[in-house]
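*Asks:* Checked Swiss-Prot, it gives:
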ACT_SITE  D486  active site, proton donor
REPEAT    99-141  repeat 'PFTB 1'
REPEAT    149-190  repeat 'PFTB 2'
REPEAT    441-485  repeat 'PFTB 3'
REPEAT    515-561  repeat 'PFTB 4'
REPEAT    593-633  repeat 'PFTB 5'
REPEAT    642-683  repeat 'PFTB 6'
REPEAT    704-745  repeat 'PFTB 7'
Amino acid sequence: MWRLKVAEGDKNSPYMFTTNNFVGRQIWEFDPKAGSPEELAEVEEARQKFYKNRHNVKPAGDLLWRLQFLREKNFKQRIPQVKVKDGDAITYETATTAMKRAAHYFSAIQASDGHWPAENAGPMYFLPPFVFCLYITGHLNTVFTVEHRREILRYLYNHQHEDGGWGVHVEAPSSMFGTVFSYLCMRLLGLGPNDGENNACARARKWIRDHGGVTYIPSWGKNWLSILGIFEWSGTNPMPPEFWILPSFVPLHPSKMWCYCRLVYMPVSYLYGKRFVGPITPLIQQLREELHTQPYNEINWRKVRHLCSKEDLYYPHPFVQELLWDTLYLASEPLLTRWPLNKLIRQKALKETMKFIHYEDHNSRYITIGCVEKPLCMLACWVEDPNGIAFKKHLNRIADYIWLGEDGMKVQTFGSQTWDTALGLQALMACNIADEVESVLGKGHDYLKKAQIRDNPVGDYKGNFRHFSKGAWTFSDQDHGWQVSDCTAEGLKCVLQLSLMPPEIVGEKMEPERLYDAVNFLLSLQDEKTGGLAVWERAGASLLLEWLNPVEFLEDLIVEHTYVECTASAIEAFMLFKKLYPHHRKKEIENFIVKAVHYIEDEQTADGSWYGNWGICFIYGTCFALGGLQVAGKTYNNCLAIRRAVDFLLNAQSDDGGWGESYKSCPNKIYTPLEGKRSTVVHTALAVLSLISAGQADRDPTPIHRGVKLLINSQLENGDFPQQEIMGVFMRNCMLHYAEYRNIFPLRALAEYRKRVPLPN
């Protein structure tokens, strides 16, 4: 039986190290002796329920670890369930009951180190590169055991569409990228060309060939297929490693790039520069025949470089970008790959590129910045030295990415531990039931204190294009090491709120110097021109560089941008901080808030909403924006932006009293309700929180009551809420499953409703 283990790692291994005793780490291990018949039956029931409903609800309920934790804690929901009948008013007692049921359930699924585990996955291209890398390096069978393979295949079967393909994420229609990667994953894991549940392989192969064959895969796919030997590097657009030795005044210098873009193309350029190709095994030769629609040796590789299937094409390459690729392909690459330039320049560039890779690996404890980068960096280390220490350290951190749900085994971004914990603790504190959850608050507080980044990246971090990180919080755990602005803002807000509570309940408050470090980090990321806050590093590079975005299915990934959600979270954190610590950088904080408020007002869309960059979509963005405006002193009466936002929310309310938004809002950039105007508990909770922030209860609380009625009536018997549509997004067009949102936001909405909306006894 599979079990989730928390805050564990081999401290004696020379190939694994940690900055804080592995606090926040979450890994899955299989124990063949574990599990009673009842436990095993419970897990199997969850799997079967997902399978039967897989075409209706695509994201998993993330139930396996929840079942484990609830069993380990002997949790039983002892508060009777409540429902609100049509025509009945919601009483204070009813709201309190529903809130406490949600709070007790949420408290029971806290991990031993104080964080809340959760799936943070959804894209179908996260997992396969791990399989590709391990296949090439010869470690596939040792890292992915028979039990791993069974669960990986379960995941692929569960998310295969009826047309035989897979999307770029679990809710997206079939695409070449998702289908080819999933097909290769099945074949490399040992399935034959006609094997798999419900003819999975044959159906997938038919989809690929019916849509033109593998030459139509997007550029990221072309890179991996070239590495595997199913494509030729001459069929890809150049990614020269000389990029990393350019002088800093060059417009597209790496220091001007968004960190994730930088760290994807760093190892890609190394592998491209070496023209590395894995072993051409009989299976690889067979895959060449299966995936191409013409004989492999007859393909004109030069002509396929710019091909991309219409199913994958979200961001077409502008003419100026294709001109750049063609110039590099026809002019510079022939020179750089021949003597003497291959010795004078290319070899130097390859060495410098690997130095950057090693620097990033070391500063993330070989977790790397994310799951797309991890297998690329790991493979680059193996290519440099198959028996080297760097590659061995990479192998030990693969487990940090593996996640298991009732839908099978997947790879996640790297984890949302700190983000979920900060939001979850704030929801619990809003309940005003500290006496019932004091140990939960204390453990969560302890986790946040241990998760804060204590130092900057080692060595010359500026020379490695890094921003300072001391005082920040990451999205996941401290070992990951990458600072994030909204995680820092929510973490800071959380520890400040906890500092107002008795230390005998929640533990000693954080030292002021560490709070100052967090403030310094947040102040450093405000854009001087717009007043908006970036996420990882300073924004400010020319947005014209986005014309060079090579990724056909994502947008806005070349340079760092500013974001409404991050800006709003920082306003909330600073408003509380300056109240408690009025003398630290007072003038700078006040100026920050003024500029940030103007930025949020300027970013409002024509319909009164705000675009959500990290959640779906306009309802999510509007909730954060209104929270920031409200704490800064803006009200319905003195702020036109708030009045317009309220109109948007009231117009978007569904007939059932709730709210529900389609993920299609994100790529289309237009508010799109769910089909049939269905509601979700997360969107409903976000809208309720927004209306409460905007003072709707003082004017007409009816829309709020209707939304809360839906939340209360949706609550499950054990205090959980149902899993519905996917709720996260990144780079406009790729969705991400935040499994904990269905607990955090309804709990917070019920707590704020009970506290701020007058209710009858």
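Cβ from N, Cα, C; glycine included.
Not measured: the values here are computed from a predicted model.
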*Asks:* Validating a neighbour-count step here. Other CB atoms within 10 A of the CB of D486 (active site, proton donor): how many?
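*Replies:* Its Cβ shell of radius 10 Å holds 24 other Cβ atoms.
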*Asks:* For the repeat 'PFTB 3' (441-485), what are the DSSP-based totals of helix, strand and coil residues?
*Replies:* 15 helix, 2 strand, 28 coil
*Asks:* For the repeat 'PFTB 6' (642-683), could you work out the same-chain residues 6 or more beyond its ends whose Cβ comes under 8 Å from its Cβ atoms?
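*Replies:* Cβ under 8 Å, 6 or more out: 171, 314, 604, 607-612, 616-620, 622, 625-626, 629-630, 634-636, 690-691, 694, 696, 703, 706-707, 709-711, 714, 721-722, 724-727, 729, 732-733, 735, 741-742, 745-746.
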*Asks:* Provide the three-state DSSP residue tally for the repeat 'PFTB 7' (704-745): helix first, then strand, then coil.
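*Replies:* In the repeat 'PFTB 7' (704-745), the DSSP-based counts are 16 helix, 8 strand, 18 coil.
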